[in-house]
Amino acid sequence: MPEGPEIRRAADNLEAAIKGKPLTDVWFAFAQLKPYESQLTGQLVTRIETRGKALLTHFSNGLTLYSHNQLYGVWRVIDTGEIPQTTRILRVRLQTADKTILLYSASDIEMLTAEQLTTHPFLQRVGPDVLNARLTPEEVKARLLSPRFRNRQFSGLLLDQAFLAGLGNYLRVEILWQVGLTGQHKAKDLNEAQLNALSHVLLDIPRLSYTTRGQADENKHHGALFRFKVFHRDGEACERCGGIIEKTTLSSRPFYWCPHCQK
């Protein structure tokens, strides 16, 4: 499943295609959304927001389209009039004079009013988004030490969208490698230096992955491009200590780590 940086880049592409342009045609596959087709025609997409792995498409009339791709949903941008060659099932089409965005295969799609947006169950449940520029390391540290999260092993906590939205498996293993911690560690057991380092890295690595388009390159981690240090690198030498990277399963997901320097 795509993680926060990939979802945000997808939203950027959708925004670049249709933001601020009048919608010339709107189509929904689901019957409960059909009444909104006429309401949205002629309106503008004002912005596309991400909340972890959910997308919120905001319209100029105050409505918001909520969509969660889950495992199979995917958005596409095409030239208006183009007919894509795909076996996927179309769910949403938002068309402007020159560009059209299409949502395929997703099933978790709703139209929300401004009031419903504040009470939506998923949006109420997710934590702050790691790509939200207003989120600070100090706030992350406070969440780590909160009664709700301080006794949770990082192997599960860093996959829990209620803790921080937008994290996922590759971010989990890269974050823990960067600070030299294991999946069994808990926030309550860390010293002040470890807590401060983790609070910063929980934001730094997702943001680095997003801003550098997640490209793999020979540059160093804090250089121009993001590069995996342990993810999918089992059997290779750890660049920090020379130990051999191993693969196991934690919280039902593949977990990559260096036993020599992550202790």
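Glycine too: its Cβ is placed from the backbone N, Cα and C atoms.
Listed features, source Swiss-Prot:
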type	residues	note
ACT_SITE	Pro2	active site, schiff-base intermediate with DNA
ACT_SITE	Glu3	active site, proton donor
ACT_SITE	Lys53	active site, proton donor
BINDING	Gln70, Arg125, Asn169	DNA binding site
ZN_FING	229-263	zinc finger
ACT_SITE	Arg253	active site, proton donor
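Panel annotation: around the zinc finger (229-263), residues 155-156, 159, 169-170, 172-174, 176-178, 180-183, 221 of the same chain, lying at least six beyond its termini, place a Cβ under 8 Å from a Cβ of the stretch. Comparing the recorded positions Lys53, Arg125 on other C-beta atoms within 10 angstroms of each C-beta gives the minimum for Arg125. Within 10 Å of Arg253 (active site, proton donor), judged by CA to CA distance, lie the following recorded positions from the set Glu3, Lys53, Gln70, Asn169: Asn169. Minimal Cβ crowding within 10 Å, among the binding-site residues Gln70, Asn169, is found at Gln70.
The C-beta environment of Glu3 (active site, proton donor), restricted to residues of the same chain at least 6 apart in sequence and closer than 8 Å, consists of Lys53, Gly166, Leu167, Gly168, Asn169, Tyr170, Leu171, Pro206, Ser209.
Confidence annotation: the zinc finger (229-263) carries a mean pLDDT of 95 in the model.
Spread of the DNA binding residues is 19 Å (greatest Cα-Cα distance among Gln70, Arg125, Asn169).
In sequence order, Ala10, Lys53, Asn69, Gly168 are the residues near the residue listed as 'active site, schiff-base intermediate with DNA', counting only same-chain partners six or more apart with C-beta under 8 A.
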